[in-house]
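A.B. asks: According to Swiss-Prot, the protein has these features:
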| type | residues | note |
| --- | --- | --- |
| BINDING | G8, R9, S10, G11, A12, G13, K14, S15 | ATP binding site |
| BINDING | D56, I57, R58, N59 | GTP binding site |
Amino acid sequence: MEIIIISGRSGAGKSVALRALEDTGYYCVDNIPLDLLPQLTDILSQSQSSVAISLDIRNIPNSAHSLKQTLSTLQKHHQIKIIFLEADRATLIRRYSDSRRLHPLSLKDLSLEAAIDEEYRYLEPLIQHANLILDTTHLSTHSLAERLREFLRGNSEKELKIIVESFGFKYGIPLDADYVFDVRFLPNPHWDPTLRPMTGLEAPVAEFLNSHTEVNEFIYLTRHYIDTWLPMLEKNNRSYLTIAIGCTGGKHRSVYIAQQLGEYFQAKGKTVKIQHKSLERNKKIIKSAVIKTLFLLTALFLHAHRLYNFTRITA
């Protein structure tokens, strides 16, 4: 029997994930103590072929040894996959504030911030066993469901999906990255006033970086490193490999290099998704600022219009 265990930080999207799996045909069980899983799976295996089980902090044993023992017992008889959902601290705080729900560990008289930090410490042993760590910080419910469907399709096809992403260190390291490469030591187009407004996807920035031997050497050596270990990673029953390339702001160097690496592996016939996290983040910020500006201008126009009409009437 195939068993998908959904766990992760409270507020990271476990309920959404479980509903998405239910929609794809999995028999779903929410929040059962881990110690009862062997008995539950024995019963379900008589009538079900695919089961998804959600575990939260309240149902995971305190002992890392007990956790490992229970998972080992299950893996002897079933195909187990563990999906761990993650999100950054600020996002979790905002989600709890929006939902007005209590964090499970808040019952221990902890503040929300302290409860979030304490929960992560409890969950660390489970993270070590995860087949997929999914950062939901910037994912909508629909995007999360789609990533899970991609993961499940990857399981059935036994095909490794490669995600190459650029990011800015000033915004934080992506939590779902398997490999992180720091390119902040490479020549920076930011210091050229003509290149500063551009991104690593634009030709002048690409030409600038391509003209430096150290940039080309870094790309070559990174490609060689991944090429060397990719066959073993593919044999290791993984569904995703996330490679993160970081520079200071995630605008020039990391974008160019991530694009080069992604296109290289695409040309080799691999399934590759290229994404630029900081560029996408800045687009959302600009879009939000534009909407707010338009809203403010509309409000000012309406106010001026009313004031004009009032002045004309009273004149």
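Keep in mind that glycine also has a Cβ here, set from the backbone N, Cα and C atoms.
For the listed features, I'd like the structural context: burial, neighbours, distances.
C.D. replies: Under DSSP, S10 (ATP binding site) is assigned to coil, being neither helix nor strand in the three-state scheme.
R58 (GTP binding site) falls within a helix when secondary structure is assigned with DSSP.
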A.B. asks: Looking only at G8, G11, G13, which of these binding-site residues has the biggest number of Cβ atoms within 10 Å around its Cβ?
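C.D. replies: Highest number of other Cβ atoms within 10 Å: G8.
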A.B. asks: Name the residue among the binding-site residues S10, S15, N59 whose Cβ has the smallest number of other Cβ atoms within 10 Å.
C.D. replies: S15
A.B. asks: Can you count the other CB atoms that lie within 10 A of the CB of K14 (ATP binding site)?
C.D. replies: 22
